[in-house]
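Asks: As listed in TrEMBL for this protein:
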DOMAIN    9-471  domain 'Amino acid transporter transmembrane'
TRANSMEM  12-30  transmembrane segment
TRANSMEM  36-60  transmembrane segment
TRANSMEM  138-157  transmembrane segment
TRANSMEM  199-219  transmembrane segment
TRANSMEM  231-248  transmembrane segment
TRANSMEM  299-322  transmembrane segment
TRANSMEM  342-366  transmembrane segment
TRANSMEM  387-405  transmembrane segment
TRANSMEM  411-434  transmembrane segment
TRANSMEM  455-478  transmembrane segment
Amino acid sequence: MPTMEDQYSSYTALLYVFNLIVGTGALALPKAFDDAGWLLSTISMIVMALMSYITATFVIEAISRCHSILQWERVERMKAVSRVIRSAIDPDEDEEAYDSTEDSLMLPPEYIENFPSQPQKMFTLDVKVEMSVMANTVFNHYGQILFYICLCVYLYGDLTIYSAAVSKSIVDTFCNNATDNATMSTMCWEGYNFTVGGVYKICLGCFLLLLGPYVFFNVQKTKFLQMITSVSRWLTFSLMIGLAIWRMSSPSFEHGSPSMAKWLGTPAMFGSSIYSFMCHHSLPGLISPIKDKKNLYAYLAFDYLAILAFYLTLCLTAVFAFPSIQELYTLNFAPNMDSEKIGFLGYVLALFPVYTLTTSFPIIAITLRGNLQAMFVKFQWRVLHSVILPIVAVVPPVIIAMTTLNIETLVYITGAFGGVAIQYIIPTVLVVLSRIQTPPALVRIPNPHDSPFKSIFWAILVFLWAMICYGLVLYNLFTSKLDIL
């Protein structure tokens, strides 16, 4: 349980969730929004937000139920220890008679002083139960393997996107020839023997050297950092929305004329939307330090509604303001792509991924390292856990990022495939199995943290929705990306 110093209010938790969800994934939304049509995209995003909220409540309920399962297992172990101790004290005692009494859970008075002085709540969110712990609690061996594969692939994808987005933003902002048609071999500046690919890889190398070492440490007390990044994000997004509205109101600029619906662009829209509502893997760490957990689901719903309204405002102003949307929306404001009137603001907006993701990258890297260490917990080799696994967590994403400049593809694959599993399938399976495995003695005890969507209907609906998402993703992958069909 977090100490009083580590706890925070519900409003601070809302800020944490907002920062977790609204990252640079939002910068890929306007492009997918334009590709799928503004009306179809709006409807899709609303449904995505609803489904994401449902599974977020599943995660919270699963935390409380898995904690109750773990607590009950501890009680059973205490019961076994009590029998052993009593047997040692009085070998002639009838074990069956003792086991049938209500006092069988209690140790003798001379041994009870070493146990906690206050009773432990069975259904509680005060104790952090990570998703890996929940998976180990309710999944079998093969389920645990699949869980770790999904989570690690998603986190590796996150780190790859972060690395590529930062480096690409620097290249696109400062390289004169970094246009839409630029390749790795395109010269970055006239008269200088530096290619776009070369500068991009140099940026990736510097990014790894500067931020990679953080993976060897733990991230604590991030409240001040969250406040700073919140100000920078709100300022930047407000600038983008304001400049887009200014552009729409100016007759001197060419405006966008988006379609209402483009069915072929729907799969890409799904991929970007899934990625942009992701918070489930970090909810356990964000929920447990909250002081007052009453009305938690209402606060979370307010956060989702605010984020949805923000996304729709950002995307709608984008598609109607610009005739063409870049993969990363901030690149529409790059100084060499628009009016000189934007000036300094263009540089600030174009470099938004740089000063945002440099704070997110270490946190995600440490999260991945922790999951890798949990996978290899049976191998207690100091070098493995202290050196090898941190390096394995941070180096491969940068190497993968060196092979491509296509951020949209990275966001699409990671968000669509990893996002569906982490956001829809795993939370639903966790909550269903935790309900089934709740000890019979606790079934009739009310759980104050039960999801509002407790009916099995919602679990089935989420599974069907996940299958639809996978179908759209596979269709788009084979038709648009691989040109097989």
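Glycine is no exception: its Cβ is also placed from the backbone N, Cα and C atoms.
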Asks: Between the stretches 231-248, 299-322, 387-405, 455-478, which one has more Cβ pairs under 8 Å with the transmembrane segment (342-366) than any other?
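Replies: Per the Cβ under 8 Å count, 231-248.
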Asks: Hey, which bits of the same chain come close to the transmembrane segment (12-30), Cβ under 8 Å, at least six residues off its ends?
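Replies: Contacts with the transmembrane segment (12-30): 161-162, 165, 223, 226-227, 229-230, 233, 237, 272-273, 275-279, 282, 286-287, 289-290, 299-300, 302-303, 306-307, 310-311, 314-315, 318-319, 325, 327-330, 352-353, 356-357, 360, 407-408, 411, 415.
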Asks: Applying the under-8 angstroms CB criterion, which one of 138-157, 199-219, 231-248, 455-478 scores highest with the transmembrane segment (36-60)?
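Replies: It is 455-478, which has the most Cβ pairs under 8 Å.
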Asks: Using Cβ atoms and a strict cutoff of less than 8 Å, what residues sit near the transmembrane segment (299-322) while being 6 or more residues removed from its termini?
Replies: 10, 13-14, 17-18, 21-22, 26, 29-30, 33-34, 38, 41-42, 45-46, 49, 52-53, 56-57, 60, 237, 240-241, 244-245, 247-248, 253, 255-256, 258, 276-277, 329, 332
Asks: Could you tell me what the rest of the chain brings near the transmembrane segment (138-157), counting residues at least six beyond its ends with Cβ under 8 Å?
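Replies: Same-chain residues near the transmembrane segment (138-157) but 6 or more away: 66, 69, 131-132, 281, 364, 367-368, 371-372, 374-375, 396-397, 400, 410, 413-415, 417-419, 421-422, 426, 429-430, 433-434, 437.
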Asks: Checking distant contacts: for the transmembrane segment (231-248), what same-chain residues at least six beyond its ends satisfy Cβ-Cβ under 8 A?
Replies: 19, 22, 26, 255, 310, 313-314, 317-318, 320-322, 329-330, 333, 342, 345, 348-349, 352, 355-356
